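Enquirer: According to TrEMBL, the protein has these features:
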DOMAIN    23-294  domain 'Sugar phosphate transporter'
TRANSMEM  12-32  transmembrane segment
TRANSMEM  44-65  transmembrane segment
TRANSMEM  77-95  transmembrane segment
TRANSMEM  101-121  transmembrane segment
TRANSMEM  153-175  transmembrane segment
TRANSMEM  187-206  transmembrane segment
TRANSMEM  218-245  transmembrane segment
């Protein structure tokens, strides 16, 4: 009986963690889009708020013993901090300029970009079946973007830059974690304040600071609350991702990610009246099938590696 009670508690915590991640991941996309479309809140300034609140949240977590910070030199983290700024800023600009469907599908191009970077720059080889799954992903993103009635050349440029910088960041994060022997939260604990400082220096050259449209402009109380809420949700997204990965299998996390992908696309159509043509629907389906196939093959590959290690004497 006690074992059943313990199992129920574990399942309850897992369900709560998945629900928090689902709600936070979807809310952050729609809330940011609302801040851009309805309030016209400046992009870099919103990113600065996200970085600052993420660092404050991580500071509270380490103070409560959730993780132990590891001392790192500034020059070790600076390249990551710069790429961290770039990928969040360009991703948010993509969200600001594109429909949610195009924004969400463009993010799927990160997978082919990472494979390309690792193949060209790091000499890593990938099985043919993995490479083949990248074709429907790329084709699906192209179909959706080409037939998007709200097509924006600037939006496509921001989406492409977002994919490129995000891919570089993810590759560098993996390399830096291995090189410095730190986990994601320890690295982010140093990245977030450094990225905030970089943006603080850049913002005056691209966005107003005071007055109409500036971060310290005459915003209403409700607007300030929504911006701060966006920052808190951004922190919750990061924290819940680490918790889910640490407490579930990769299959659970990846399948849950595909579910969020579909919900976000549907929400964009319902909440922001983003039109969706038949060809766009085919593009979305094509991309989703490619992502599912890629995930299946990668997880099979990981399981095969674990089995080989377990069989060694």
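Start at 1 and count along the chain as shown; that gives each residue its number.
Using N, Cα and C of the backbone, Cβ positions are placed for all residues, glycine too.
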Enquirer: Would the transmembrane segment (218-245) count as touching the transmembrane segment (77-95), i.e. at least 3 C-beta pairs under 8 angstroms with sequence separation of 6+?
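Expert: Result for the transmembrane segment (77-95) with the transmembrane segment (218-245) is no.
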Enquirer: Quick one: mean pLDDT on the domain 'Sugar phosphate transporter' (23-294)?
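Expert: Residues in the domain 'Sugar phosphate transporter' (23-294) carry a mean pLDDT of 80 in this prediction.
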